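*Asks:* Quick paste from TrEMBL:
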DOMAIN    3-116  domain 'Response regulatory'
MOD_RES   Asp52  4-aspartylphosphate
DOMAIN    114-219  domain 'OmpR/PhoB-type'
DNA_BIND  114-219  DNA-binding region
Amino acid sequence: MAHILIVEDEAAIADTLIFALQGEGFTTTWLTLGQAALAHQRQTPADLVILDIGLPDISGFETCKQLRRFSEVPVMFLSARDGEIDRVVGLEIGADDYVVKPFSPREVAARVRAILKRVGPVVAPAVFQIDLERMQITYRGQPLSLTRHEFRLLQSLLEQPERVFSREQLLDAVGVPADAGYERNIDTHIKSLRSKLRSVAAQAEPIQTHRGLGYSYSPGNS
Ligand code: CA
């Protein structure tokens with residue numbers, strides 16, 4: 001069942017939404033700040049975001065704009081004002097729907113169902129994106145700051161998911177002669193890579209260790 005992220009600073013409104021959505025079988029997460037919602041969506045993407053426009057930190061509009069840099073998740077705005085300008089602006093920056101307070105929570109739940117039906121089964125965007133020209137790898141929408149060796153290493157792993165690479169093969173990919181006794185350097189690079197990946201997603205473990213064999217990229221753990 002779809003998971004809905006509710007971003008709303010008024011507890012009473014959030015409560016009615018949670019109640020209505022859970023009554024329809026959706027699971028929910030409730031947050032009160034735009035920045036927190038962006039961080040949450042990076043870590044554990046919801047299937048749809050309900051976004052209040054008047055939030056205490058950054059506005060719902062600004063949240064949506066930043067969200068659109070890394071996510072195509074459907075967004076429904078909640079607004080305190082029924083202004084045509086809001087509606088146009090909301091839809092221009094990539095919202096899928098728009099409701100004005102006070103609203104019927106049941107109606108919101110029905111609209112959520114309609115949007116999810118329209119967008120179809122949620123196709124997750126690639127967790128990793130490789131830009132060869134700029135030697136840049138993006139992880140969950142965040143560009144990684146990698147050394148040249150880390151870039152080559154990660155690129156090799158990503159290009160053949162689930163393949164177990166030996167340290168020699170990875171040295172070769174990085175462009176270091178395998179006979180120079182640098183095998184253990186691979187472990188150092190992997191360690192550094194993992195810490196950079198964890199700073200984006202603490203719970204994920206995309207690089208797997210195979211004791212005595214080497215390393216692989218596991219999309220299921222990304
Ligand atoms: Ca508000």
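Glycine is no exception: its Cβ is also placed from the backbone N, Cα and C atoms.
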*Asks:* How many other Cβ atoms sit within 10 Å of the Cβ of Asp52 (4-aspartylphosphate)?
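*Replies:* I count 24 other Cβ atoms within 10 Å of it.
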*Asks:* Per DSSP, how many helix, strand and coil residues does the DNA-binding region (114-219) have?
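*Replies:* The DNA-binding region (114-219) comes out at 46 helix, 19 strand, 41 coil.
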